[in-house]
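This report refers to the structure that appears directly beneath it.
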């Protein structure tokens, strides 16, 4: 991908990735899927419901559709069986390879969470309007 | 911890019959027939001392004793049975038009509306029979007939009486297949949003406006299914209590305009705290979402605000989010402010402190200051060698020696026993809306007489305007005024002096005149203290308790180092040009423009602080939201500054400050208690001044904008633009 | 079938918005129009659907117009003021508000058949209550007209007995003859047609009531015309137009008051006294 380098540079500022990395400390690596996405779990000192997460292989343009179906269930607490176990249990010959959702070309069409640095409408959590000393000088 | 438990104590509702029995006293519950359940909401019920004035009824087979004059609904409440209702409200007159409270009474041919039916001895009330259930279901079906199904977009959703009660008592289907009616929305001003199609015609708002708020603008227009609530002619609701119709509306017909579509109530975290925009200390609940105050609603306190609050209290919250000071700032040589770290800011302040002479140091506490920070400020300034600490609004020589000289001794709830009011230089409607509501309640209930001395102003009850200046007061003191006969015949007369009198040159003479009047007409007796001062600001009473009583004119004029702790209404013109001004506060309001250093502090919704209201009742604020930016609690800033300045204050925790306060003014740590004033005023030396003839002035020009928070609020600005008649 | 009140309201709104020269009232009317509905047409449609519900009165809120606004000066005439005082004398001084209804009636007679909002304010002042208390009364009673009516206000009874006996035809004949719709005033300001509920004349159905406001409160009359036919009602209207007073009561020459046509068929003889107990026998 030509833009990979640029996005990699951007991802340095990406708080999500950094937070995931910090989150990973002390967590168990449960598995890695065929795309290289790493699945982590941390059962203690983590808020219940937020104890499973994924670190995407794609560092720049990651999105949720990169998680293959076998891991989706584990990641969303639908099942306790990991993706690898599920593949072993009911491997079906007719299953086609998972593809991420490519619809929407261009940065603006890719979903970024509301605090993501690449989200053009990145949310600001400041809920107050500070006093501006400059206004006073003008008046 | 015991303090904390007391600070969070809830006021329990007080069940009263319409005509309160004379000499009512708390009677122990009958040990032989204990009620099966506790009264609803832990309500207090006073049985009359005379057993003949009590009667016994049976609710669902359980005997319950109630005072005479109770309605069936109240009897059920005493028995712990909550009857569904829409139109009935314990503080309003009985309308009986929603029919939701139907219950079955034995030997009655049809279900009775319990809210309007007086309970009779031996009545057998059944609230849970098939007849009662079917009646409720039928009423609910009728109510929902014309009610739109817009709960998902309705701001009342989640706290809607109709929603809750239709879940509890309604049928699961309706039979109405025609078109629902729709009603034109009314414009009631910038505070109350109307969606009149949702109205179920309970007339609570009409009764509230007529009875409590005293503005007869709302009415029931039309008839039949075209019936609607409205003002007929286009008219805004110009009451200082109009926000309360939002709370009493059982459906989403009247909702808060500033809060519209901002949040759902189940997302909000409620923090039970108190209000500081006036000296009443109304009990409020601050509803917040994350770091943001979303709305303010009243909390029940029978002794202070009952269950109402003023519009200023309710809608000032957007001021907490605007014009906030979030970083320490220093004014550079070019006159521009630069954000700096706390360390630098405090170092600069401490350096200047050491350069000025001790007597040139002055500390001024603002009208929103809590007792802890005022204590710290006073200790700090004293430690630096100055005694010039004051609180704005207390005038040159406040009567701080005796607590009863600056408090509302009758207490707010006690005003209900009064039969004659004499208001001297105070306009309670704008100075303390909740006190005014109490006076109005008394006037309505007992036809108490109100006389007023002061500039012409709006009253929402009958009153007699005696005069504009102190001469009228002198005439009364000398017994020459026709009003004297009314005062003479009064059983429980009340004199309320405004704290605007503190600012006058002749205040000593005025207060001694008032005392003469009090003595002459037996206003202060062992069993009744009717001599009151109505304070204006939340900080005033505590400041006087703690002794922040320096003369503002001299102290500010002579100051070379002026420490303004949220004081925005000091006369900045008097500050000398070479004075170094430190402004510590939460809003960029008036005083920041003169400041050399700005230290950001937290507002009342963000800190734990002690406030004393005008009746001397100490209450606490509880932090609801985190503070903004780099701001800190007021007392902590002063504590830190004292350390940098080399005069460390001996406390470094909140309990430490409170221990210090308990040494100066022990009443300030006794939360929710009122200490009666027992010392007689005889010990006061006679005043040497002469009463001047200058008429009294209006103290509050704009009800909606009185302090830094309300001046920063957009909603309050809108209100003053549209609601105040010019 | 369209809702007459809604139609009237919508037309008045449009008329106000287009014709009013004063900017203030125009913006007010426009604001109200906006609140009513996105466009008047959809309001027609919405109102038309609910034909099962008919309001006999106009709107339940007031719209300022040059001839009806609270800033207008309105007073009872001297003669009527005497009547007002007489009305007030019927009630104890702390229940003056009991006089609101008779006073509204008097104001309506004085003001040519309708009560402007200024008159309600004047009454509120006289009885010493808030104006809204008078508005509540005036909007409750459909007999108080809060919009302009003709000098002769023709009220067609629409209740079941009259309807069965042809009140719809009577109304249609009136509307067609006068060239107006219901609750509209003819261009010469003489007539308006409204509907009312049962006036207790069912035995002589169908009937109309004619409120005559042409002569002020002194010459005010309120007459019933009964046993009508579409032809006869037009004749009555024409007589009224010429200034004549048609004979009130039944219009069937063969009937006398509410007796049967052609005289009594029964009860000819002297009525028998009721049977009495023989008191001596006791």
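Sequential numbering from 1, following the chain as shown.
Using N, Cα and C of the backbone, Cβ positions are placed for all residues, glycine too.
Feature list (source: TrEMBL):
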REGION    B:16-43  region 'Disordered'
COMPBIAS  B:18-30  compositional bias 'Low complexity'
DOMAIN    B:53-131  domain '2Fe-2S ferredoxin-type'
DOMAIN    B:131-170  domain '4Fe-4S His(Cys)3-ligated-type'
DOMAIN    B:268-324  domain '4Fe-4S Mo/W bis-MGD-type'
Report, as numbers and ranges, every residue of the chain located at least six residues beyond the domain '4Fe-4S His(Cys)3-ligated-type' (B:131-170) whose Cβ falls under 8 Å of a Cβ in that stretch; write 'none' if there are none.
84, 86, 98-100, 102-104, 111, 176, 180-182, 193, 195, 197-198, 200, 225, 249-252, 255-256, 259-261, 264-266
Secondary structure composition of the domain '2Fe-2S ferredoxin-type' (B:53-131) [DSSP: H/G/I, E/B, coil]:
10 helix, 23 strand, 46 coil
DSSP puts the residues of the domain '4Fe-4S Mo/W bis-MGD-type' (B:268-324) at 11 helix, 23 strand, 23 coil
Within the domain '4Fe-4S His(Cys)3-ligated-type' (B:131-170), what mean pLDDT does the predicted structure show?
93
